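Features reported for this protein in TrEMBL:
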DOMAIN    14-159  domain 'Phosphoribosyltransferase'
BINDING   R47, G48, D102, D103, L104, V105, D106, T107, G108, R109, T110  5-phospho-alpha-D-ribose 1-diphosphate binding site
BINDING   D103  Mg(2+) binding site
BINDING   D106, I149  guanine binding site
BINDING   D106, T107, G108, R109, T110, W148, I149  GMP binding site
BINDING   D106, I149  xanthine binding site
Amino acid sequence: MQDRLPHEKGFHVSWDQLHRDARALAWRLDGHGPDNGNWKAVVAITRGGMAPAMIVARELDIRTVDTISVKSYNHQTQADPKVIKFPDMALVGDGTGVLIVDDLVDTGRTLEVVRAHMPKAHVATVYAKPQGRNQVDSFITEVSQDTWIFFPWDMALQYVQPYRGVD
Ligand SMILES: O=P(O)(O)OC[C@H]1O[C@H](OP(=O)(O)OP(=O)(O)O)[C@H](O)[C@@H]1O
Ligand SMILES: O=c1[nH]c(=O)c2nc[nH]c2[nH]1
Ligand SMILES: [Mg+2]
(Lines of atoms letter the chains of each structure in order from A; the text may use other names.)
(Lines give C-alpha, C1' and ligand atoms only; values in the text may rest on other atoms or scores of the structure.)
(Ligands and ions follow the chains in the order given, each with its own letter.)
Protein backbone atom coordinates (compact mmCIF):
# COMPACT_ATOMS: atom_id res chain seq x y z
CA MET A 1 0.00 0.00 0.00
CA GLN A 2 1.26 3.46 -0.93
CA ASP A 3 2.01 6.10 1.71
CA ARG A 4 -0.89 8.44 2.22
CA LEU A 5 -0.77 11.62 0.17
CA PRO A 6 -0.41 14.98 2.01
CA HIS A 7 -4.11 15.78 1.68
CA GLU A 8 -5.08 12.41 3.23
CA LYS A 9 -3.09 12.82 6.43
CA GLY A 10 -5.64 14.93 8.27
CA PHE A 11 -9.04 16.57 8.28
CA HIS A 12 -8.68 19.55 5.96
CA VAL A 13 -11.18 22.36 6.46
CA SER A 14 -11.76 24.95 3.74
CA TRP A 15 -12.98 28.49 4.45
CA ASP A 16 -16.33 27.51 3.01
CA GLN A 17 -16.59 24.45 5.25
CA LEU A 18 -15.57 26.47 8.30
CA HIS A 19 -18.22 29.06 7.49
CA ARG A 20 -20.92 26.39 7.15
CA ASP A 21 -19.87 24.60 10.35
CA ALA A 22 -19.61 27.83 12.38
CA ARG A 23 -23.07 28.81 11.11
CA ALA A 24 -24.39 25.41 12.15
CA LEU A 25 -22.93 26.06 15.61
CA ALA A 26 -24.70 29.43 15.76
CA TRP A 27 -27.96 27.76 14.72
CA ARG A 28 -27.56 25.25 17.55
CA LEU A 29 -26.94 28.02 20.12
CA ASP A 30 -29.65 30.37 18.91
CA GLY A 31 -32.31 30.96 21.56
CA HIS A 32 -30.50 28.98 24.26
CA GLY A 33 -28.95 31.90 26.17
CA PRO A 34 -30.07 32.48 29.78
CA ASP A 35 -31.69 35.89 29.14
CA ASN A 36 -34.86 35.06 27.18
CA GLY A 37 -32.72 32.91 24.92
CA ASN A 38 -30.17 35.71 24.42
CA TRP A 39 -26.43 35.60 25.04
CA LYS A 40 -24.68 38.56 26.68
CA ALA A 41 -21.29 38.33 24.97
CA VAL A 42 -18.96 36.17 22.94
CA VAL A 43 -15.43 35.50 24.14
CA ALA A 44 -13.14 34.10 21.43
CA ILE A 45 -10.16 31.99 22.41
CA THR A 46 -7.37 33.40 20.28
CA ARG A 47 -6.28 32.82 17.79
CA GLY A 48 -8.19 29.89 16.31
CA GLY A 49 -11.49 30.87 17.93
CA MET A 50 -11.61 34.30 16.33
CA ALA A 51 -13.00 33.36 12.91
CA PRO A 52 -15.73 31.06 14.28
CA ALA A 53 -16.54 33.59 17.03
CA MET A 54 -17.03 36.33 14.45
CA ILE A 55 -19.43 34.13 12.48
CA VAL A 56 -21.38 33.08 15.59
CA ALA A 57 -21.58 36.70 16.83
CA ARG A 58 -22.79 37.85 13.41
CA GLU A 59 -25.48 35.15 13.17
CA LEU A 60 -26.75 35.69 16.73
CA ASP A 61 -26.48 39.49 16.55
CA ILE A 62 -24.14 39.65 19.54
CA ARG A 63 -22.22 42.94 19.44
CA THR A 64 -20.12 42.46 22.55
CA VAL A 65 -17.11 40.40 21.59
CA ASP A 66 -13.97 39.96 23.66
CA THR A 67 -10.96 37.64 23.61
CA ILE A 68 -8.96 35.43 25.91
CA SER A 69 -5.49 34.55 24.69
CA VAL A 70 -4.18 31.13 25.51
CA LYS A 71 -0.92 29.80 24.22
CA SER A 72 -0.44 26.06 24.38
CA TYR A 73 0.88 24.64 21.10
CA ASN A 74 4.16 25.33 19.41
CA HIS A 75 3.36 23.94 15.95
CA GLN A 76 2.01 20.43 16.83
CA THR A 77 3.74 20.07 20.22
CA GLN A 78 1.73 20.88 23.34
CA ALA A 79 3.17 22.79 26.28
CA ASP A 80 1.41 23.99 29.46
CA PRO A 81 -1.48 26.26 28.41
CA LYS A 82 -1.04 29.82 29.69
CA VAL A 83 -3.49 32.72 29.68
CA ILE A 84 -1.52 35.63 28.25
CA LYS A 85 -4.45 38.08 27.94
CA PHE A 86 -7.78 38.11 29.81
CA PRO A 87 -11.12 39.49 28.64
CA ASP A 88 -12.77 42.35 30.52
CA MET A 89 -13.60 40.38 33.67
CA ALA A 90 -15.97 43.11 34.90
CA LEU A 91 -18.02 42.40 31.78
CA VAL A 92 -17.87 38.60 31.72
CA GLY A 93 -18.10 38.04 35.50
CA ASP A 94 -18.51 34.34 36.32
CA GLY A 95 -19.38 33.66 32.68
CA THR A 96 -23.17 33.71 32.98
CA GLY A 97 -24.63 34.42 29.53
CA VAL A 98 -21.19 34.31 27.92
CA LEU A 99 -20.43 32.13 24.93
CA ILE A 100 -16.82 31.01 24.80
CA VAL A 101 -15.93 30.03 21.24
CA ASP A 102 -12.94 28.10 19.94
CA ASP A 103 -12.17 26.33 16.69
CA LEU A 104 -11.62 22.93 18.32
CA VAL A 105 -11.06 21.00 21.48
CA ASP A 106 -8.31 18.37 21.41
CA THR A 107 -7.00 17.29 24.83
CA GLY A 108 -9.28 19.81 26.57
CA ARG A 109 -6.40 21.45 28.45
CA THR A 110 -6.96 24.89 26.92
CA LEU A 111 -10.64 24.84 27.88
CA GLU A 112 -9.85 23.59 31.36
CA VAL A 113 -7.76 26.72 31.92
CA VAL A 114 -10.36 29.02 30.33
CA ARG A 115 -13.30 27.49 32.21
CA ALA A 116 -11.52 28.04 35.51
CA HIS A 117 -11.87 31.80 34.93
CA MET A 118 -15.50 31.77 33.66
CA PRO A 119 -17.09 28.68 35.25
CA LYS A 120 -20.69 29.56 34.27
CA ALA A 121 -19.95 30.28 30.60
CA HIS A 122 -21.24 28.09 27.77
CA VAL A 123 -18.31 26.62 25.84
CA ALA A 124 -18.76 26.00 22.11
CA THR A 125 -16.28 24.67 19.57
CA VAL A 126 -16.75 23.85 15.92
CA TYR A 127 -14.77 20.59 16.06
CA ALA A 128 -14.08 18.18 18.91
CA LYS A 129 -11.84 15.21 19.61
CA PRO A 130 -12.98 12.57 22.13
CA GLN A 131 -10.42 13.35 24.85
CA GLY A 132 -11.63 16.93 25.26
CA ARG A 133 -15.29 16.53 24.39
CA ASN A 134 -16.46 16.72 28.01
CA GLN A 135 -15.00 20.23 28.30
CA VAL A 136 -17.42 21.44 25.58
CA ASP A 137 -21.13 22.20 25.94
CA SER A 138 -21.83 22.43 22.19
CA PHE A 139 -19.90 21.37 19.10
CA ILE A 140 -20.65 20.42 15.51
CA THR A 141 -18.29 17.73 14.19
CA GLU A 142 -16.26 15.10 16.03
CA VAL A 143 -13.08 13.61 14.57
CA SER A 144 -10.95 10.79 15.98
CA GLN A 145 -8.24 11.61 18.51
CA ASP A 146 -5.43 10.75 16.06
CA THR A 147 -6.73 13.12 13.37
CA TRP A 148 -4.99 16.47 12.92
CA ILE A 149 -7.38 19.19 11.82
CA PHE A 150 -5.94 21.61 9.28
CA PHE A 151 -7.55 25.03 9.23
CA PRO A 152 -7.76 27.29 6.17
CA TRP A 153 -5.54 29.96 7.73
CA ASP A 154 -2.73 27.38 8.03
CA MET A 155 -2.94 26.10 4.46
CA ALA A 156 -2.29 27.08 0.88
CA LEU A 157 -3.47 25.49 -2.35
CA GLN A 158 -0.70 23.44 -3.90
CA TYR A 159 -0.15 20.75 -6.50
CA VAL A 160 -0.33 17.10 -5.36
CA GLN A 161 0.84 14.07 -7.32
CA PRO A 162 -1.92 11.85 -8.79
CA TYR A 163 -2.36 8.40 -7.12
CA ARG A 164 -0.66 6.85 -10.16
CA GLY A 165 2.25 9.24 -10.18
CA VAL A 166 4.62 9.45 -13.10
CA ASP A 167 8.14 8.09 -12.43
O1 LIG B 1 -7.75 21.02 23.61
P2 LIG B 1 -6.30 21.39 23.52
O3 LIG B 1 -5.41 20.17 23.42
O4 LIG B 1 -5.84 22.33 24.58
O5 LIG B 1 -6.08 22.10 22.10
C6 LIG B 1 -6.98 22.98 21.50
C7 LIG B 1 -6.40 24.33 21.28
O8 LIG B 1 -5.20 24.25 20.48
C9 LIG B 1 -5.28 25.17 19.40
O10 LIG B 1 -4.81 26.46 19.77
P11 LIG B 1 -3.27 26.85 19.87
O12 LIG B 1 -2.84 26.76 21.30
O13 LIG B 1 -2.49 26.02 18.89
O14 LIG B 1 -3.20 28.37 19.47
P15 LIG B 1 -3.85 29.18 18.25
O16 LIG B 1 -5.34 29.11 18.41
O17 LIG B 1 -3.30 30.55 18.45
O18 LIG B 1 -3.39 28.54 16.97
C19 LIG B 1 -6.75 25.26 19.11
O20 LIG B 1 -7.06 26.47 18.44
C21 LIG B 1 -7.37 25.20 20.48
O22 LIG B 1 -7.43 26.49 21.06
O1 LIG C 1 -4.62 23.25 13.80
C2 LIG C 1 -4.78 22.45 14.75
N3 LIG C 1 -5.32 21.22 14.51
C4 LIG C 1 -5.51 20.28 15.50
O5 LIG C 1 -6.00 19.17 15.25
C6 LIG C 1 -5.12 20.67 16.81
N7 LIG C 1 -5.15 20.05 18.03
C8 LIG C 1 -4.65 20.91 18.90
N9 LIG C 1 -4.30 22.07 18.31
C10 LIG C 1 -4.59 21.96 17.01
N11 LIG C 1 -4.42 22.83 16.00
MG1 LIG D 1 -6.41 27.99 19.82
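The backbone N, Cα and C atoms fix where each Cβ goes, glycine too.
TrEMBL feature annotations superimposed on the structure.
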residue	record	contacts (Cβ under 8 Å, 6+ apart)
D102	5-phospho-alpha-D-ribose 1-diphosphate binding site	A44, I45, G48, G49, P52, T110, L111, V123, A124, T125, V126
D103	Mg(2+) binding site	G48, G49, A51, P52, T125, V126, Y127, I149, F151
L104	5-phospho-alpha-D-ribose 1-diphosphate binding site	G48, T125, V126, Y127, A128, K129, I149
D106	5-phospho-alpha-D-ribose 1-diphosphate binding site	K129, Q131, G132
T107	GMP binding site	Q78, K129, Q131, G132
G108	5-phospho-alpha-D-ribose 1-diphosphate binding site	Q131, G132, R133, N134, Q135, V136
R109	GMP binding site	S72, Q78, P81, G132
- line: DSSP puts the residues of the domain 'Phosphoribosyltransferase' (14-159) at 47 helix, 51 strand, 48 coil
R47 (5-phospho-alpha-D-ribose 1-diphosphate binding site) versus W148 (GMP binding site) - Cα distance in angstrom: 17
- prompt: Of the binding-site residues R47, D103, T107, G108, which ones put their CB under 6 Å from ligand 2?
  reply: none
Task: Filter the binding-site residues D106, W148, I149 down to those with CB closer than 6 A to an atom of ligand 1; keep them in sequence order.
output: D106
Message: Fewest other C-beta atoms within 10 angstroms of its own C-beta: which of the binding-site residues R47, T110, W148 fits that?
response: W148
Task: Averaged across the domain 'Phosphoribosyltransferase' (14-159), what pLDDT does the model get? Just tell me the whole number, please.
output: 96
Query: Could you give the maximum C-alpha to C-alpha distance in Å for the residues R47, G48, D102, D103, L104, V105, D106, T107, G108, R109, T110 that bind 5-phospho-alpha-D-ribose 1-diphosphate per the record?
result: 17
Message: Looking only at D106, T107, G108, R109, T110, W148, I149, which the record lists for GMP, tell me the maximum pairwise CA distance in angstrom.
response: 17
- request: Starting from the Cβ of I149 (guanine binding site), draw a 10 Å sphere and report how many other Cβ atoms land inside it.
  value: 19
